[in-house]
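K.L.:
Just dropping this structure here.
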Amino acid sequence: MKTGSVEAGEQASEDATPRRGKKLNRGILILDLVLRVFGAICTLGSAVAMGTTSQTLPSSSQFFRFRAKYNDLPMFMFFAIANSIVCAYLVLSLRLSIFHIIRSAGIITRIILVTFDMVMLVLLTCGASAATSIVYLAHKGNASANWLPFCVRFSHFCNRISGSLIGSFFSIIIFMLLVILSAVSQFSICN
């Protein structure tokens, strides 16, 4: 039976819960900062790899030159621009992420940040999916449309654009983790 006073064990567990929640929230915010840095590196690498991709085939004739550049296809240009925009956003959002670590009370700015995270996730996914369809056609071709695969001849070009896609898909996974971390962080603040 309980008496009027609170037992020592119950009081200690009640005091430990807010501290544990603050430490968990601070850990989530630090992980958010680290993921933003890695996401910026991945998107910057993808944009640079795509933007500097070109290959010219050697030819025996002076009149014919076969060249493949990323800006020959609008999907690759959209991919490079989308990755550049997302990289700029991630660099700019680092300031807010550091602010949240220092002052964890900024709920409105967290909601704004997760909203922009979702918008950037959609933009990055659109760019990566558009470029993926063209990379698939470059590697496999399409027999019914009589499109031959050109990665047999432009292997360096195709390797660079494929590597660029890998970096972009890593960034998509990072953005998914950022949105999940934001939801967990909001839940821990509310409770």
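In case you wondered, yes, glycine gets a Cβ from its N, Cα and C as well.
Copied straight from Swiss-Prot:
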{"type": "CARBOHYD", "residues": "Asn142", "note": "N-linked glycosylation site"}
{"type": "TOPO_DOM", "residues": "1-27", "note": "topological domain 'Cytoplasmic'"}
{"type": "TOPO_DOM", "residues": "49-72", "note": "topological domain 'Extracellular'"}
{"type": "TOPO_DOM", "residues": "94-110", "note": "topological domain 'Cytoplasmic'"}
{"type": "TOPO_DOM", "residues": "132-160", "note": "topological domain 'Extracellular'"}
{"type": "TOPO_DOM", "residues": "182-191", "note": "topological domain 'Cytoplasmic'"}
{"type": "TRANSMEM", "residues": "28-48", "note": "transmembrane segment"}
{"type": "TRANSMEM", "residues": "73-93", "note": "transmembrane segment"}
{"type": "TRANSMEM", "residues": "111-131", "note": "transmembrane segment"}
{"type": "TRANSMEM", "residues": "161-181", "note": "transmembrane segment"}
K.L.:
Just give the helix, strand and coil counts over the topological domain 'Extracellular' (132-160), going by DSSP.
P.N.:
15 helix, 2 strand, 12 coil
K.L.:
Checking distant contacts: for the topological domain 'Extracellular' (132-160), what same-chain residues at least six beyond its ends satisfy Cβ-Cβ under 8 A?
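P.N.:
Counting only partners 6 or more residues beyond its ends, the topological domain 'Extracellular' (132-160) has Cβ contacts under 8 Å with 49-50, 52-55, 57, 66, 68, 73, 75-76.
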K.L.:
In the same chain, which residue numbers or ranges, 6 or more beyond the ends of the topological domain 'Cytoplasmic' (94-110), come under 8 angstroms Cβ to Cβ?
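P.N.:
22, 25-26, 29-30, 32-33, 36-37, 40, 182, 185-186, 189.
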K.L.:
With helix taken as DSSP H, G or I, strand as E or B and everything else coil, how many residues of the topological domain 'Cytoplasmic' (94-110) land in each class?
P.N.:
13 helix, 0 strand, 4 coil
